[in-house]
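Some notes on the structure that comes next.
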């Protein structure tokens, strides 16, 4: 291969959600502050809550190797005052144990899964031993324990979402609310089915010494944490690494589905079927894209094996074209570039092909037309069709070019297409800068007066193209599918799939039945748009 024209793309990264980390403020946590019962019942709840929280906490440090929870120090400040509070609480708890009756002691130990045989003093000693064994080394680990611990009672039993202050640095809280509910439900089921039974069983069988008990709980909790982690990875990974598979729309219809190219593309055509594969991509500045090294045009060509690649918004000047041509991918020997001359470093389109076209023309062909000074149209003629690559003008901030867009540009382009169609069918592709229907934009209600979704632009799109016999190939193939091709940089729309469908393949009605596949490649980064493709049987 010759030197490849590098169109860098940032490959998708899989982010594994972390556990929500909430510090254990003191020994008296969970339901000890909920006004249920007095004396023994209150103490039992504190003991059970502490045992569970410390057990899971130890397992998280062991499993994830976290030296300390990433909690904002402004949210939780721990110090010697807290240590003294814990020691005072410990003394109060021991007094409560001594004041308990034999029946209360046995009832408490049964709830903890601890043998209940023996006299009162033996029962008191057993309960003290159980309580002491649940405490970490007060000198060396109390501080890190508080900052690392996870309050299972708050996270699972009560199903409370943490406050913003409690999880300022937690990436897990940054997931969509729908995922949170799924994860919380899964964690609750795991806790009910695994945690209680496993911990109680280990406590009952290894209660001989405090050291054995701590070790057993660490091992049991490690298993639970591992299961919770695996479950959370399974739930979180698909939506985070493939956000386009999650239906994102402000007003979705009940039968709408999110676009998934892995499951919604038809099988390949039989070997030997005569066809052409065309791809189009708004690169939002070709020179900037060339600086990326994680993905190249060579890799894209090998993956998709396209015949023709159309580019929009190259932002090249005429003087740059010859240098770019020297670095084209081997086999794609025919390239045609249109650059803006009225405003340098602006707009620009190109067609790169391994099939030699019969003819090529630039612009609309109208003599003296202002439309042709911004490098927005390249038309290539092939044996059985015309291919028009276009970058439709944006109506701009404040809709300052709206009138020009709908009254001049759309009409001129439509007439240009209809003139070509007199001799051959036409394929129109590129960034058409219009989300035609509400299904084509994440937030239709909030963008009624935004460029690309005004009522005027949408009506013009229909009147000048669809009503004149051109078929939106993606919408015909996927009538109820939400698939976007553009995500703004400003709000990180790609991560949450809050986008627009602005890039199209429109074809003449006469060849619409020959379209085998019209698809989107949302996994390809490098621009605020992603490539789309068309496979047309000839």
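Cβ coordinates are placed from backbone N, Cα and C, and glycine is handled just like the others.
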Stretch carrying region 'Disordered' according to TrEMBL (options 49-88, 89-128, 129-168): 129-168
Neighbour tally for residue 433 (Mg(2+) binding site), based on other Cβ positions within 10 Å of its Cβ: 24
Entry from the binding-site residues list 313, 431, 528 having the most other CB atoms no farther than 10 A: 431
Helix, strand and coil totals (DSSP H, G, I; E, B; other) for the domain 'SAP' (97-131): 25 helix, 0 strand, 10 coil
Around the Cβ of residue 282 (Mg(2+) binding site), the count of other Cβ atoms that are within 10 Å: 25
